[in-house]
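Data block below; observations after.
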Amino acid sequence: MLGALADGRDLSAADTAWAMNEIMSDNATSAQIAAFGVAIKIKGPTPEELGGLATGMFEHARLVSIDGDAVDIVGTGGDRSGSVNISTMSSIVVAAAGVPVVKHGNRAASSKSGGADVLEALGVRLNLGPEAVARCVREVGIGFCFAPVFHPALRFAGAARREIGIPTVFNILGPLTNPARPRAGLVGCAFPELLEVVAGVFAERGASALVVRGADGLDEITTSDVTDTWVVSGGRMRRTTIDPTRLGIARVDLDALRGGDAEVNAGVARSVFAGTAGAVRDAVLVNSAAAIVAYDLSRGVGDPDADVHDALAAGMARAAAAIDGGQAAALLERWAKLSNTLGDR
């Protein structure tokens, strides 16, 4: 298998699922794991290969069973922008707007504050098990799957990943392996060469997603430039561009979206939920809107071939109402309170 990758040959989904099973069963050496992760990244993974790797991870995961549809708002990370936690804030706003959210995430790897870090600073308990996460979704409208809790066998790849210290195929798998397997997603990808490939995974699953990368490198919908976007629905993919100026958002310098550590970013989140206007609120509104669009598409609502700006404008209005009506701040308070009463089941 390593020889095939070294020769630039693609693997089947069955091949990569087998390889991931070997890794997560602790049957592979650190050298083999490192070589595999780097080789497939250098070759360039296919949707089939990524889908197989995700399948292998799901076979070892603690899965979450939820009632009905939900959306995830997640990114690969690795954009090194130092931005505030836009996807985390957007997740809370989307849930407050009435759309069920199951977010999958982890602590920061290459930044000062990951999604898990800022949620913890906001008072949300991280180490909840499948039943507790499902209860949060059922009672509050949002749950968080902390990756180490739900993918414990991934620890067997940890040493190899730390030793080589460069992005590998494992960096791409987080957005593809939400343990609740929601049918919709807003997915940011920091790697431009993989944007279409990641979209292809969702297309093969029959899921609905907006897969995005800002022209400034942000693994979110940016407001400093346009955003390269793949709209995925019903097994089909369409490429488009999101321009914030068409949504009434003035372009800003990327510095306006930069944050700090978890406590700083938690303070920014509280400020946004309190109704503070500005660049961060605008970014949260447009990303929240995109998640709402993806969720609607998963339920057969909306036209995936229509100009995405029209649907985004409607979604932004819903998101703004959830903030300005106090629902986002109230939901965060309820979520934090409930999560701290639950165990790790």
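Just so you know, the numbers here start at 1 and follow the chain as drawn.
Note: Cβ is positioned from N, Cα and C throughout, glycine not excepted.
Record features, source Swiss-Prot:
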BINDING   Gly75, 78-79, Ser83, 85-88, 103-111, Gly115  5-phospho-alpha-D-ribose 1-diphosphate binding site
BINDING   Gly75, Asn106  anthranilate 1 binding site
BINDING   Ser87, Glu220  Mg(2+) 1 binding site
BINDING   Arg161  anthranilate 2 binding site
BINDING   Asp219, Glu220  Mg(2+) 2 binding site
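Within 10 Å of its Cβ, the residue among the binding-site residues Ser83, Ser87, Asn106 with the fewest other Cβ atoms is Asn106. His104 (5-phospho-alpha-D-ribose 1-diphosphate binding site) carries a strand DSSP state (E or B). For the binding-site residues His104, Arg161, counting C-beta atoms within 10 A of each C-beta gives the highest total at His104. When the Cα atoms are compared, Asn106 (anthranilate 1 binding site) and Glu220 (Mg(2+) 1 binding site) turn out to be 17 Å apart. Classification of Asp219 (Mg(2+) 2 binding site) by DSSP places it in coil, neither helical nor stranded. Around the Cβ of Asp219 (Mg(2+) 2 binding site), the same chain contributes Gly75, Thr76, Gly77, Gly78, Asp79, Gly188, Cys189, Ala190, Val212, Arg213, each under 8 angstroms and 6 or more positions distant in sequence. Within the set of binding-site residues Ser83, Ser87, Arg161, the entry lying nearest in space to Glu220 (Mg(2+) 1 binding site) is Ser87 (CA atoms).
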